[in-house]
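Trainee: Take a look at this one; I'll ask things after.
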Amino acid sequence: MDNVQRRKQIIEILNEADAPVNGTTLAKMCKVSRQIIVGDIAMLRAKGRNIISTPRGYQLLHVEPVGCRRLMVCKHGVELMQLELETMVDNGGVVENVLVEHEVYGELEAKLNLRSRRDLQQYMTLMQQSHAALLSSLSGGIHMHSIFAMSEEELDVIEEKLAALGILYKG
């Protein structure tokens, strides 16, 4: 299979998947190395394919659903991370990313796309197993999340609950 056929196959796999597909799985399905998949994903993105990388794998984004999005600024340590994310997903939010401001690099972003407790548990397991530092450790705990929800009311509830927990940053 040449690279054009393989990239078509990657798009088909991602298009049919109900959840993100990790690079190792794609590599096995296409009978190539994971590094080849990383290069193919980069080429597909360069050609305009809306493929995001989440902690659980690659995902092909389709037409954006109708709804609302809000950037929420938070501050907390590692001990409140799970509670913060649970509050967001339990109240109708999709945690699209985490962003921090860095004095040298500017805005740094990591895609999350957490939609449910199941997604959150997988993310928490990955964080614990990898012993990775939180991105917010670069900014004294201050970070932002882009939250998607079906209504402004859901976003208001999320914001109110985060404020009540002392997680929402007020500056």
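A Cβ is built for glycine as well, from the same backbone N, Cα and C atoms used for every other residue.
Curation plays no part in TrEMBL annotations; they are all automatic predictions.
According to TrEMBL:
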BINDING   HIS76, GLU84, HIS143, HIS145  Ni(2+) binding site
DOMAIN    6-59  domain 'Helix-turn-helix type 11'
DOMAIN    73-168  domain '3H'
Trainee: Out of HIS76, HIS143, HIS145, which of these binding-site residues shows the lowest number of other CB atoms within 10 Å of its CB?
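Mentor: Counting other Cβ atoms within 10 Å of each of the binding-site residues HIS76, HIS143, HIS145 gives the minimum at HIS76.
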Trainee: Taking the recorded Ni(2+) site as HIS76, GLU84, HIS143, HIS145, identify the other residues of that chain whose CB atom sits within 8 Å of the mean position of the site's CB atoms, giving them in sequence order.
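Mentor: Near the Ni(2+) site, the remaining chain residues are MET72, CYS74, LYS75, LEU80, MET81, LEU85, VAL98, SER136, MET144, ILE167.
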Trainee: Neighbour count, 10 Å Cβ-Cβ cut-off, for GLU84 (Ni(2+) binding site): what number do you get?
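Mentor: Around the Cβ of GLU84 (Ni(2+) binding site), 20 other Cβ atoms lie within 10 Å.
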Trainee: If you average the pLDDT over the domain '3H' (73-168), what number do you get?
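Mentor: Within the domain '3H' (73-168), the model's average pLDDT equals 94.
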Trainee: What is the number of residues in the domain 'Helix-turn-helix type 11' (6-59) that are helix, strand and coil, as DSSP sees it?
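Mentor: The counts are 32 helix, 8 strand, 14 coil.
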Trainee: Under a three-state reading of DSSP, tell me whether HIS76 (Ni(2+) binding site) is helix, strand or coil.
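Mentor: Its secondary structure by DSSP: coil.
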